[in-house]
């Protein structure tokens, strides 16, 4: 390959420097994925390095798949199949599946998701005797997760915190939690890297094997690594020193979950004779967007100063919109999107709404529904978190690992088998007394006193079915196994017989699970049940992001990292929102918030809107907010303040601020904004009036018509049936099953509904 023709000078250096420690500082949009794929192709094709000797680590499954596909296209053949391109967690699972018996676990361990973790954690908290009012479950899970990321074992945590009553109690939970995980032959998500590092340190022969295997190691997004990931890489690379890391200290935005920016800043100290290569030419964004990004990030201190540049034209200025309320802000975004779709022939998928917190999406959802703008939220309820999916997955987990008490408890009476909580409690007591797992206790059911005959019969039938599945799990495809579980348990028939409309949606979700299994069988080399369970356990929401779906995307800036869109709206650009309140009390927090703003700005390819509201509801109260300092850090010549009608203005020019508004914008919002700008009336009273006026413009059902079973039509979702109603905080909430859009939860006073 003639890499000099394919890459720019900086990229060429990065792709052809192979031996020794290398730090590639890759600015946003500088083509780092291109560099990594050509680097791998160069190693395999030109230098004849065996693909099996290369380990490439990415931060998402989506990025790993993209890199693998690109490399395969460059080198051809099936050589790439012998190369490990994966996330840290996927890589560690592969190692643990082969070697975890060296540290006392069975190789068919289960990976617990966050829900499984919470169930087990609650058992431990209860057993230790902690009151939720004293220490919350959330805090305990967070502390234990942070300890694992920091490679602090339960015993070490106990010793370190013996003098602190609260942390000492958490240490007791940590100890018990790890004990129960091992009894269940299970690992939680934080264990995957933690236990791999433990394995490497306790079994030097295992470490030596993987050091010989992986002579060349590449790690993407190195700025986001935590201590356990850092140590994993250090141990593997310590023999050959051929470690190439790619990252950008200006994009370190995961400090809140353990990422340590020092890992990238201290790379030269950690690896002597390290070579540093900077990629500073941006291929994504227009010139003004890059200048704005540089203007913000330059206010952070820098170990490695970079300045993004582009050969692209400057393009449009940054559009800054300052609304009176968050309703104004969302209405502005809706107006601009509809306008550009109509006038500039853009697709809805060209637009992204980015915000700092998920709570900010609600008002955008309400307005977008009103304006008939299709949207999707990245970061909502995951497919594998749905009840019916977790039920079937629990059957699969139990079949794969009979020691998994958490999965067994979830499905032992699903569908109902006359095995109640009293019986289950007696079974657990017996299992604890004889020190065996719960499933073994079920197999010994006739020797357990106090169990009703009906329950004994049900348990025998249940264990007979599960044993049959266990014997055949390696002989049949996962999709076939799922179908047999659905049939033999009666789970599917129970849903089909139900009059609950939600159960129809559950059937569709189960059908999609079968489809996912078929897709796995068609595309995976390892078609075992264990491999399927691994794949589903490690899937992230962003991995399912479909770039072809023609909808506006809403997500947090954190979720948007690595993505790009022609038009980006950065919402909630207010002091106290973005940056958050904590940033004003900590220089470190402010620097991370500024990096987050930099990441958000550099997601935009062609146009960037930065929007804010003077008044916003926070925890039910109306609060006033100043415009974000980050907007003020952008040069005045790079931005223009705009109104709802799109007219540009200088920041201090209020002439024509609320001129004639397009008919796409609700006139009452415009009147409200105009009135607010010219009057001295109380702001809190006015926002209440604005919300009231906004509601009046939506035609909704009367309260007496909103009853279970009522047939309704929604202006966007079409025809549907009300399946439940509830009242909370003075509002009536409806759950409606729409014929073409599935189940939706809507507020009666906000939803545009008519009775059929």
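For all residues, glycine too, the Cβ spot is worked out from N, Cα and C.
Automatic prediction, not curation, is the source of TrEMBL annotations.
According to TrEMBL, the protein carries these features:
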- 26, 27, 28, 29, 30, 31, 32, 33: ATP binding site (BINDING)
- 5-286: domain 'UvrD-like helicase ATP-binding' (DOMAIN)
- 287-562: domain 'UvrD-like helicase C-terminal' (DOMAIN)
With the ATP site defined by 26, 27, 28, 29, 30, 31, 32, 33, which remaining residues of that chain have Cβ atoms positioned within 8 Å of the Cβ centroid? 35, 248, 279, 282, 283, 284
Please report the DSSP secondary structure of residue 31 (ATP binding site), reduced to three states. coil
The predicted model's mean pLDDT over the domain 'UvrD-like helicase C-terminal' (287-562) is 90
List every residue in the same chain as residue 28 (ATP binding site), at least 6 positions away in sequence, whose Cβ is under 8 Å from its Cβ. 248, 250, 251, 282, 284, 285, 293, 308, 598, 599, 602
Other CB atoms, at most 10 A from the CB of residue 32 (ATP binding site): 21
So of 27, 29, which of the binding-site residues has the fewest other Cβ atoms within 10 Å around its own Cβ? 29
Top of the binding-site residues 30, 33 by count of other CB atoms within 10 A is 30
With every protein chain in view, how many other Cβ atoms are within 10 Å of the Cβ of residue 26 (ATP binding site)? 28
Looking only at Cβ atoms, how many others are within 10 Å of the one on residue 31 (ATP binding site)? 21
Mapped onto three states, the DSSP assignment of residue 26 (ATP binding site) reads strand
